[in-house]
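**Q** Input: one structure, supplied below.
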Amino acid sequence: MEETSTLPLPDAFLDFLNENGLDPSIYTATDSTPRYIRLKPGCEACVEEIEAEIKCKLEKVGWLPDFFSLPPDIQIANSNAYREGKIYGIDAASGAAVSALNISEGDHVLDLCAAPGAKLCMILDLLGNSGTVTGVDVTRHRLAACRTLLQKYALGDRCRLFVADGTTFSLIPVRVHSDSKSWVQDPELIFYGQHSGVVGLSKRELYQTVCENDASSCGYDKVLVDAECTHDGSIRHIQKFEHWGWKTLQRRVLNAERTDSLTVLQLQLLSNGFRLLKVGGSLVYSTCSLTVAQNEDVVERFLLENASAELQDVEAAKNWPCRSGRIWKTLRFDPLTSQTSGLFVAKADAASVAVSMMLRNSNAESSHCRVPQRYNKPNPALASWQIRSIGFSSTKAIEMGLEYFLFHDTLYTMTIETELLPQAKLVLLEL
Ligand SMILES: C[S@@+](CC[C@H](N)C(=O)[O-])C[C@H]1O[C@@H](n2cnc3c(N)ncnc32)[C@H](O)[C@@H]1O
C-alpha cells in the first residue's frame, strides 16, 4: 500500500482492490500510460499530417497493427483527423480483444455488448467488404451513439444494430434463409446497412431465431462478449468519479451486491453468446474489470456448464505485453505490465460435443480435467452425462500423465489416441 500512497486513487477504491486481491501497484504507471489511436484503413499516408496537426509524434504500436500511442495529455477530439474519421480513440488492450477473435474474410460476427462501438468499428474495418456484423446492446441511447459512430466512419454497410437483452438475444445471422413460420418482432432493429443482409428479407427471415434453427450449424462465426462490468481496470474511468462523487463510485463499482448481480449477468451474456456460435466458431469474453470474480470465476462456471466450450490460446498473444490470467490461456492487460488500460481476455471455441470430468491419477488425490469428445453426431450416451469439472484440455491431461478419472464416484481409466488429436477418442473402462 505504501507504494500506492502517491496514486490519485480514493481510499474506498484501494480497499476494493485489496478485497479483490488486486495489487494496487499495477496502477502505478497510470499517469504515464499512453493514449492510443487506431488509424482507419486507407489513411496510412496521413500520419505526418496528423502529427503536424496534433503537434506530437505518433509511436507505432509494434504488437498491434494500425495502432499508435501518444502522450496521455494529448487530446484528439478537436483534431480534423478525428472529426473527419481518419482516426479512432481506442485503447490497445481493446484492440487486442478484437484481434483475439481472429476475424477472417466473410465472417458473420455478433457483438453482444456493442455500445458505444469502438470494438464494433474495428471488427467492421477488419472485415472490409465481406461478412456481416450484428451489434446488440440493451441501452438504447448508447446503441444510438454506436449508430452515430458507424455513420461517422462510413462503416454501416454490413452492420445491423438491435436494442435487445444480450442474455436472451436469439437471432441468427441473416445469411440463412428458411421457410420457418414463427417469428417475433422483438428485438428492435435500429439500424441496418445496404449489405448487412437485412435488405430484401421478409420479417420472418429477419427474425429467425436459434429455437427454429440449430445454432451449431447456422450460428455466428465469431462472437464478442465485451461484458458490462465494474470498469475497475480503467483508472481513467475510476478517476471520473472525482467529479461524479465517491458515493456513485461506492454504488456502481464497490458495492458487493452489485458485483454479485454483475457476475450473474456476465455468465448469462457469455452463455448466450456461446449458444449463438456455430461449431468451429470462436468467442472472446472480455471485461475491463481486473477482479477474479468477474473474469476467471465467470469463465470457470461457463466451462462447467458448457461442455462443448474449449478455451483456446490466442495465437497473436505471444507478442503481446500482457500476463496470463489465473486460468491457463486467459490474458490480463494492466497499466503496469502492458502500458494499456486493464482488460481481461478469454477465447473459447465451440467443439461438437465435449465431456467434462474429474480425473484422478495414482499420484494426485484429485485433479481436474476436461476431455473433448468429437463425433460427427452427438453421442447420446455421453450427452446425458452430468458435467463434473473443468480445467485442462485432454492434451494437457496427457502431458500431466493423468490416466484415471473419477465419474459419479466410480474410477475409470482413460485411453486417448494421441495421434488422432484433436479428434481425440476417449475409451472408458470401468475399473
Ligand atoms: C463494456 S461496455 C461495451 C463496450 C463496447 N464493446 C465498446 O467497445 O465500445 C458494456 C455494454 O454492455 C451493455 N449491456 C449491459 N447489460 C446488457 C445486456 N443484458 N444485454 C446487452 N448489453 C448489455 C451496456 O449497455 C454497455 O454498453
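Think of each number as a place in line: the chain as shown, counted from 1.
Every residue, even glycine, has its Cβ placed from backbone N, Cα and C.
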**Q** The S-adenosyl-L-methionine site in TrEMBL includes ASP137, ASP226. Which of ASP125, ASP157, ASP165, ASP214 is also listed there?
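**A** Among ASP125, ASP157, ASP165, ASP214, only ASP165 appears alongside ASP137, ASP226 as S-adenosyl-L-methionine-binding in TrEMBL.
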**Q** Rank the binding-site residues ASP137, ASP226 by the number of other Cβ atoms within 10 Å of each Cβ, and give the residue at the low end.
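**A** Result for the binding-site residues ASP137, ASP226: minimum number of other Cβ atoms within 10 Å at ASP226.
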**Q** Note the Cβ centroid of ASP137, ASP165, ASP226, the recorded S-adenosyl-L-methionine site, then list each other residue of that chain whose Cβ lies within 8 Å of it, in sequence.
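**A** Once ASP137, ASP165, ASP226 are set aside, the remaining close residues are ASP111, LEU112, CYS113, ALA114, ALA115, VAL136, VAL138, THR139, ALA164, GLY166, GLU228, LEU269.
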**Q** Measuring Cα to Cα, how many Å separate CYS288 (active site, nucleophile) from ASP165 (S-adenosyl-L-methionine binding site)?
**A** 20
**Q** Measure the Cβ-based neighbour count of ASP165 (S-adenosyl-L-methionine binding site), defined as the other Cβ atoms within 10 Å of its Cβ.
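**A** Excluding its own Cβ, ASP165 (S-adenosyl-L-methionine binding site) sees 17 Cβ atoms within 10 Å.
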**Q** How does the model score the domain 'SAM-dependent MTase RsmB/NOP-type' (22-351) in terms of mean pLDDT?
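**A** In the predicted model, the domain 'SAM-dependent MTase RsmB/NOP-type' (22-351) has a mean pLDDT of 89.
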